Structures are given as C-alpha cells and as structure tokens.
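**Q** Residues annotated as transmembrane segment in TrEMBL: 6-23, 35-55, 61-86. What TrEMBL lists as disulfide bond is Cys127-Cys148.
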Amino acid sequence: LGGCGILGVGIWLAVTQGNFATLSSSFPSLSAANLLIVTGTFVMIIGFVGCIGAIKENKCLLLSFFIMLLIIFLLELTVVILFFVYTDKIDKYAQRDLKKGLHLYGTDGNIGLTNAWSIIQTDFRCCGVSNYTDWFEVYNTSRVPDSCCLEFSENCGLHSPGTWWKAPCYETVKIWLQENLLAVGIFGLCTAMVQVI
C-alpha cells in the first residue's frame, strides 16, 4: 500500500509538474517524480513478494522477500556511512555540478531546471550557487535571473546588485537541511526499524 501511494504521488508529480526536473546537469533524469516512481515500484514489488509468500506460506518467496529487504537495508546503511565519510568531497562536487547546471538555465529543453532554480531562489531568498556573480558567467554580463530580485518585476535582474538577494543558495539550502536534519534522521530511523522488524 505504501508503494502504491509513493508510485501514485510520483505519477501525479510527473503529470502535473512534468517539467520540474533536477538541478543537476550530470543527472538530468534524477527528478523528484522519477525517484518516487522508481521507489514506489520497488516497494510495491517487494511488498507483493512478501504478501504472496506469507499467504501461500511459500519459503522461496519469503526468503526472496527477506534477501531483498536485507540488501536494501545494507545499501541504505552504506550510503549513510559514505555520505558522512565523504561529506567534503560531495560538497565540492555538488557545487561544481550546480554551477555547471546554471549554464542550462532558460535554454530549450531545460524548463525543469529553470523552474527549479527560480523556485529555490524565490523561496530561499538567495541568488546563485556561491553568490550572485555565478550568473555573470552564464550571461557574460552583470545580470541575474528575475527570481534573484528582492522585489520581483519583469527584467529586474538587469538592475543594480543592491536590488538582488545576496545569500548563496548552496549554503542557504544546506543550513535549512541541517536545521531539519533531526526530522530527516527520525524518519530514516523509523524506516530502518520497520525494515528490521
């Protein structure tokens, strides 16, 4: 049922927000909708195998269910450990990849990336990856997208830097994630406990 729910939300996102993609230029298909669809499908398959195995009392299906859950649990554990071990390298790579992705902003076929940047800059009141000058390299001139403006208006990104957000988006989002790390940790712990049980 959980898998069906996740899959449903993923399909709904893909249909309604179809062009809202990832910020990464290296992994363009790594969008929220695609992640939810893949996760939902896996959870449904695993749940189906477990349910059929329990109903039929089939040892082979139950063993397959156990092995799949164990593999997923070990993969999750590995990802968490690697994330904490290589935090600095991940930080540098993420910033480099995001800056590379800025060059795709507003280009044909990248409406998802454009929407994602516009929403992040508007909601988090920030501009660029490191600072607003990141956009100068994209446009080859002293301008930023309109979503960087303190007060949004058409072509406000052409005005002076005094009218733009100064906070770097990478650090701003990172601080927000750190502030919400407890909630994410509790969710992850609960998920792991359900898997173990």
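Heads up, the Cβ atoms here are built off N, Cα and C, so glycines get one too.
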**Q** When neighbour density is defined as the number of other C-beta atoms within 10 angstroms of a residue's C-beta, which of the disulfide-bonded residues Cys127, Cys148 has the lowest density?
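**A** If we count Cβ atoms within 10 Å for the disulfide-bonded residues Cys127, Cys148, the smallest count is at Cys148.
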**Q** Mind checking which residues of the chain, 6+ beyond the ends of the transmembrane segment (35-55), have their Cβ under 8 Å from one of its Cβ atoms?
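**A** Beyond its ends, the transmembrane segment (35-55) has Cβ neighbours at 1-11, 13-14, 61-62, 64-65, 68-69, 72.
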